[in-house]
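A.B. asks: Structure incoming, see below.
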Amino acid sequence: MWGFLTCLNDILIPHLKTVFELNYAKAMLIQFTFFGAYFLMSIPGGKLVSSLGYKKGIVTGLIIAAIGAFGFWPAAISTNYYVFLLALFVLATGITILQVAANPYVTLLGPAKTSSSRLNLAQALNSLGTTIAPYLGGILILVGASYTLPKDVATAPETVQLISTLENKALPDIQASFEQAKPESITYALKNVPPFIFNKLPQEFLLTQAKILPPDMLGTVLADIPTDKKLYVLSQLPADKVDQLASETLVQSMDSFQTTALSDDQAAELKQFKDTLNQDTKNRMKAYRDNQAKSVQVPYAILGVILLLLAGFVAIFKLPENKEHQKTEANTTYTLKDVFKYPHAVLGAVGIFFYVGGEVSVGSFMVNYLTLPDIGRMTEQAAAQYVAFFWGGAMIGRLIGSALMVKISPRKLLSICAIVNICLLITTMSTSGSTAVYSIISIGLFNSIMFPTIFSLAITGMGPLTEQASSLVVMAIVGGAIIPFAQGIIADSIGLHHAFLLPLVCYLYILYYGFHGSKPTRVVVEE
């Protein structure tokens, strides 16, 4: 359940980014709030779990998470971004308590040497939620109509000829061909020509086509036009043509301008364009944003009900207790400060910081990345399905990893996965089109074993210090707040494509931890 709620943020980010006209950095406040709760609440959560026990701790976490989920209903009514963040913080507090209670509980339910395998198996089940969340979230939250061309347009001789002309002819020939073509063929050709060709088309040529196309067809083409050229096209279109565009088209266009470094002249041009919109069009856009904000109400209310039902089920279900561990807890008093005597635990917490930061960064920006004209040229709804593949890879990898770690050293497997992800991120940053799409999606498969493996290695041999070590490791999940926010700032400055350098640094540290930092130099000796 916590996997579902966590990965639903990957859908919530592009959704609220559009609703509230946010840049990348402000949109990442969603992850900053969610994972910031881990940092602020993990120590209180650890104390709560130590006081209540694992079972009551899990129930408490589920109830608090449910309260946060229900909070999305009034947040949507308020149409205030910061009220959404408040509800999200409450939800994340519940998830934090759930993590503090459940993860060490799983590691203690059997031999220490197979704890990584058990935790990987548990995380694989958790990954089922992470896989389903983007798919369902894309359907329930990223709603919006899109124009569909008749099927015969794709194979029409005129359409085939237009695409061939775009790919093989010079601009004068392209202009001549398009002057005689039907709007349907023009739309299909512009939507399906390779991105590197489409992006080279002059803005004057695109403006000419925009004036020809009906508003519904123009809306589908505008989504693929690079932002600087899109601003030129919109600002030069006749006012009555702009007012005929769908609210969704206008709102999403405004959203794209928020994440582009505009020159002073372009910023002035954008301001002038907004000022020229008539009041009816502005009202339509506001109504669209308000309706989109409310689209999260039902999904999160349903989640709240499910969380309460789960809390009730856990409360009445008899869970096995780790009596030996409880006895040690009763006889020995330790504090969080004692954990810092064990380098492998501290370095493991740093590893979790970088892993969660890298994973959350990749997942959080994936929808926006896949919709870029030179990458996937797809709608947000379509991109959400690819995010499901990203998390589905993590689920499959954890199932495989759970079996492999019985025979293969967790440290060795962790190092191998880190190396592969470093290579995939380099590919993501240095390529475009389908190569970039599939490289970023593949990162999920090799992320799979990292969190449970680092977590298990960090608390290995900690004995009665397990809760304290677990709290430190869970507190390090704050990396999911800091690193995506930092990447958002970088993306606003140099572009999203190159901002993936930050997750690359994260995986370099994980490689170090797998090779060297995870080796225990001492274990807790019970007196």
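Each residue, glycine too, has its Cβ placed from N, Cα and C.
Relevant sequence annotations retrieved from TrEMBL are reproduced here:
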type: TRANSMEM; residues: 24-45; note: transmembrane segment
type: TRANSMEM; residues: 57-75; note: transmembrane segment
type: TRANSMEM; residues: 81-106; note: transmembrane segment
type: TRANSMEM; residues: 127-149; note: transmembrane segment
type: TRANSMEM; residues: 298-317; note: transmembrane segment
type: TRANSMEM; residues: 345-371; note: transmembrane segment
type: TRANSMEM; residues: 383-401; note: transmembrane segment
type: TRANSMEM; residues: 413-430; note: transmembrane segment
type: TRANSMEM; residues: 436-459; note: transmembrane segment
type: TRANSMEM; residues: 471-490; note: transmembrane segment
type: TRANSMEM; residues: 496-515; note: transmembrane segment
A.B. asks: In terms of Cβ proximity under 8 Å, which residues at least six beyond the ends of the transmembrane segment (57-75) contact it?
C.D. replies: 1-2, 5, 45, 48-49, 83-84, 86-102, 105, 296-297, 300-301, 303-305, 307-308, 310-311, 314-315
A.B. asks: Do any residues, 6 or more residues outside the transmembrane segment (496-515), come within under 8 Å Cβ-to-Cβ of it, and if so which ones?
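C.D. replies: Long-range Cβ neighbours of the transmembrane segment (496-515): 24, 259, 347-348, 350-351, 354-355, 357-359, 361-362, 365, 368-369, 372, 375, 411-412, 414-415, 418-419, 421-422, 425-426, 428-429, 440, 450, 454, 457, 479, 483, 486-488, 490.
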A.B. asks: Are there residues at least 6 beyond the ends of the transmembrane segment (24-45) whose Cβ is under 8 Å from a Cβ of it, and what are they?
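C.D. replies: Residues 6, 9, 12-14, 16-17, 57, 61, 81, 84-85, 88-89, 91-93, 95-97, 99-101, 259, 336, 356, 360, 364-365, 368, 471-472, 474-475, 477-482, 484-485, 487-489, 491-492, 496 contact the transmembrane segment (24-45) from elsewhere in the chain.
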A.B. asks: Between the transmembrane segment (383-401) and the transmembrane segment (436-459), are there three or more C-beta pairs closer than 8 Å, counting only pairs 6 or more apart along the chain?
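C.D. replies: These two stretches do touch.
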A.B. asks: Check the transmembrane segment (81-106) against the transmembrane segment (345-371) for contact, please; criterion is three or more CB pairs under 8 Å, pairs 6 or more apart in sequence.
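C.D. replies: Answer no: the transmembrane segment (81-106) and the transmembrane segment (345-371) share fewer than 3 Cβ pairs below 8 Å.
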A.B. asks: Would you mind listing the long-range same-chain contacts of the transmembrane segment (298-317), meaning Cβ under 8 Å and 6+ residues beyond its ends?
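C.D. replies: Long-range Cβ neighbours of the transmembrane segment (298-317): 1, 4-5, 8, 55, 58-59, 62-63, 65-67, 69-70, 72-73, 94, 136-137, 140-141.
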A.B. asks: What stretch in 413-430, 436-459, 471-490 has the biggest tally of Cβ pairs under 8 Å against the transmembrane segment (345-371)?
C.D. replies: 471-490
A.B. asks: Same-chain Cβ contacts of the transmembrane segment (471-490) under 8 Å, 6 or more residues past its ends?
C.D. replies: 23-29, 31-36, 38-39, 42-43, 45-46, 96, 99-100, 103, 336, 339, 345-346, 348-361, 364-365, 454-455, 458-459, 498-503, 506
